[in-house]
Amino acid sequence: MRLRRPLLRSTDSEHDRFRFRLAVSLAAVLLAFGVLLARFVHLQLIQHDYFSTRAEDNRISLAPVTPNRGVIVDRNGVVLARNYSAYTLEITPSKAGDLDATIDALSKIIDIQPKDRRRFRKLLEESKTFESLPIRTKLSDEEVARFAANRYRFPGVEVQARLFRQYPLGPIASHALGYIGRINKRDLETIEASEQASNYKGADHIGKTGLEQKYEFYLHGTTGYEQVEVDAGGRAVRSLARTSPIQGSDLTLTLDSRLQEIAEKAFGERRGALVAIDPASGGILALVSMPTYDPNLFVDGIRTDDWEQLNNSPDKPMVNRALNGAYPPGSTFKPFLALAALESGKRTASQSIVDPGYFNFGGHLFRDDKKGGHGVVDMYKSIVESCDTYYYMLANDMGIDSIARFMAQLGFGARTGIDIEGESIGVLPSPEWKKQRFKRPEQQKWFAGDTVSIGIGQGYNAYTPLQLAQATATLANNGVMFRPHLVRYITDSHGQKTLIEPEPVRTIPLKAQHIETIKRAMVGVTREGTGARAFAGAEYVSGGKTGTAQVFSLKGEKYEGGKIKERLRDHALYIAFAPADKPTIALAVLVENGGFGAQSAAPIARLVLDYYLLGKTPKGAAPEDATAVEAPPPEEE
Amino acid sequence: MHDPIRMPAVFFRLRARLLEHIDMPLFLIVCALMLCGLATVYSATYDANNRAFAQLINMLCGLALMWGVAQVPPQKLMRFAVPLYVLGVVLLLLVFLLGVRVNGAQRWLSLGVVRIQPSEILKIAVPLMLAWYLHKHEATLRARHFAGAALLMLVPFALIAKQPDLGTAILVGAAGFYVIFFAGLPWKVMLGAVAAAAAAAPLLWSHLHDYQRRRILTLFDPSTDPLGAGYHIIQSTIAIGSGGVVGKGWLEGTQTHLEFIPERHTDFIFAVFSEEWGLLGNAFLLFLYTMLVARGMMIAANAPTLFSRAMAGSITLSFFTYIFVNMGMVSGILPVVGVPLPFISYGGTAVVMLCLALGILMSIQTHRMLVKK
């Protein structure tokens, strides 16, 4: 014990030193806690607003709600384009990690074919970032259930209920309707330029061609918004507020789908186009371009093999011949030229020529179809029998400027203004046109001989079937021309209808007597002329004109359709209006490489008129009410 | 049919015996902290997998252990110093040789059904060992003893840092350092060490790889890596800041319940608390912690022996270190190191070890009179 005493004393001084150190540490602790408190004041008092906003931004996400696309029906209410709901399996590539591994794993529980993978790859190349892309569409209930049970294994993969566009009639009227497809980068630029960008948030489809494209902003509707609370994984937890979308407007067409179908069937395997117009309004009753394609293929992104088949086919099914094919009108040009002659005073109806079977123009012989000629020919006979010589002489007498001026009034060589994008202008030949068209000076010169071939609708003449139909309708309507259109009225989501008013383009001041002369001659065609056989026994009076347009010029040889290759055969044409006294339909038919107009084009016109005026369906066609039954969603697989 | 008058006497005696070695102020502070902890763990986990009940069990086990340890006088506690230290270091070596790798770090030792994290043991074993060692040489304390103590500290520190678990290594090192500090390490030596470290830092920096430098920079400025390491800190500061003065209310924190806060029931639980209780809640929590530290220091100040003083001081400052490092990290003023918030974060091991430390504090406090006698 003695030893410990001094030690204890030293421990006391140690103890004081210890307490000093303790005090220092306590000061340090208080200082540190003070720093923390200052930090909390900074974050929670001074910067509170900033962090509140950031927390709200974290939490609340605006999710666009895509509106239902408007429906398209024909003039009788037959549905041409509609929507149905189905489940799709979608992958968001940015969240899914290794795509191939994910798809491989998915294919163990859901049937995923190599073609699905190819389509997915294609979509991936064209897609926007952060978009979710379908790998499989139209899942069965069983597949949905199987995926739901395995969902945790697949981050970034989800089953979505989506509305799909469907065209119940398949290929019928596809060139008029067009189709919708997934929005690609070029569409995005269009959307941004239209200042509709916010309305397309969350949308992944857009009209690509036809009416679907032209009326896109009506059909699309107004996008709604849902404020949702999302968690850190981006999953929606609950809905906070919702602005409902306004569904797209419905289109009611002037088109008669039944008429359309009959016209398409009438073409059979042949290529060509038909445009039928209501002359009194410009409303299009049928717009045929053969062959057609099935627009349903495009809706979810077309498969590569389907696309190649459509794109590489020599028949070019994707080309809308009615608007984009430019063909020489052949003899269907003659009634218009005759009208021009009457109006300009170059000819009277009764003035006659003697046709020796050719027109000698400065030593060059322009031959008539008929060997030995048509004999004495007046205007009536020139149309009924389609006498070429009459028109060689007429064109030569009138001169190209006068012809071009008159034909321009009828709409030849100008866009009609139809409500589908991308129609062609065609070629209304004139010296000015030639100057612009060709580069070398010797090619730019207009020769008087050029004018002679113009007279029978050959030469540089090239018009779309739509222009030809519009000119025919204008003639049928006594010179009052309407803008051709496919949409009759637009019905918005409240049921408010906006009628597309017939839009008169111009009234050509034609003498009634002259019109009467031409119409009478065209009626003559169907009774005793080139169209007589096709219209034998018709229960109505129609006017018409056949035409045959040369594709390939045969120097001095006699044309024999059967002997040359199919693709080099002449195009067959027919124009018509009916009933003759008060026309309710005017049309133009073109059959590519169809040979004589009387042979292949006129019978198609007959079928169309029979149905439209009499309700007669051709033999072998389905009964009328068949199209009214709504087809089920197409089974693709 | 007991005697109605003797009953209270028995009861009082029993209570007196039970509470004999319990330091009431410390006990009440810790109970308040544990209640805060339970409420926060509940809020952080009730959406999916509620851990509040499990945490309650952990706490009760911890309190029982605390009571048990408090009964043991400090002199007897000293006997555990060497065996516990040796056991801890051996286990660390085993981890090094055949540990289980979790999330890229080798921290766990698998013992059949349970996995243990030996570094937790060292949080107590190192200060215990150092306090015992320095106490033993109290009469003849020289520089070499401090050097020896430093070596005893550095061995486990290096083994833990190598796992790698820098957070725990720092805590273990700090606990050891506090013992040495309270045992009287001269100020000159400490200042010299700080100066040497400051001088060596640029040299060390120039020898680091680019990726290592980048990692260190991200530690100090999380905004340079907003989707990686910085994400946690950005989300937790948003949680704290958006809590405002009064907070969003219990169970109402959007950052918490929409899972923006990572590790929200463990290391980042303070963000949950702070979002739901606001600045007032934070101030209250800091007040409780200040009381805890103050009480710990009072116990240390009254402790009779070098062992008990150094132990009490080290435990108290360790508590402070956990609190400061965790809150500093979650509020974005300190780098991210994995340190739980005492008595609030979920976790059985942490609670048990904290309670063990509390038990030691209480033992020191309640046995000092006996020593003096």
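Just so it is clear, glycine is given a Cβ too, placed from its N, Cα and C backbone atoms.
Within A:Asp368, A:Asp397, the residue that TrEMBL lists together with A:Asp355, A:His374, A:Cys387 for binding Zn(2+) is A:Asp368.
Rounded to a whole number, the distance between the Cα atoms of A:Ser331 (active site, acyl-ester intermediate) and A:His374 (Zn(2+) binding site) is 15 Å. Cβ contacts within 10 Å of A:His374 (Zn(2+) binding site), excluding its own Cβ and spanning all protein chains shown: 22.
Residue pair A:Asp355 (Zn(2+) binding site) / A:Ser331 (active site, acyl-ester intermediate) shows a Cα separation of 17 Å. Confidence over the domain 'Penicillin-binding protein transpeptidase' (A:272-609), given as mean pLDDT on the 0 to 100 scale, stands at 89. Cα spacing between A:Ser331 (active site, acyl-ester intermediate) and A:Cys387 (Zn(2+) binding site): 9 Å, rounded to the nearest whole number.
Around A:Asp368 (Zn(2+) binding site), the same-chain residues six or more apart in sequence whose CB sits under 8 Å from its CB are A:Asp355, A:Gly357, A:Tyr358, A:Phe359, A:His374, A:Cys387, A:Asp388, A:Thr389, listed in sequence order. Listed in sequence order, the residues A:Gly357, A:Asp369, A:Lys370, A:Gly373, A:Gly375, A:Val377, A:Ser382, A:Glu385, A:Asp388, A:Thr389, A:Tyr390 complete the 8 Å Cβ shell around the Zn(2+) site centroid, once A:Asp355, A:Asp368, A:His374, A:Cys387 themselves are left out. Neighbour count (other Cβ atoms within 10 Å of the Cβ, all protein chains): 24 for A:Asp355 (Zn(2+) binding site). DSSP assigns A:Asp368 (Zn(2+) binding site) to coil in the three-state reduction, placing it in neither a helix nor a strand.
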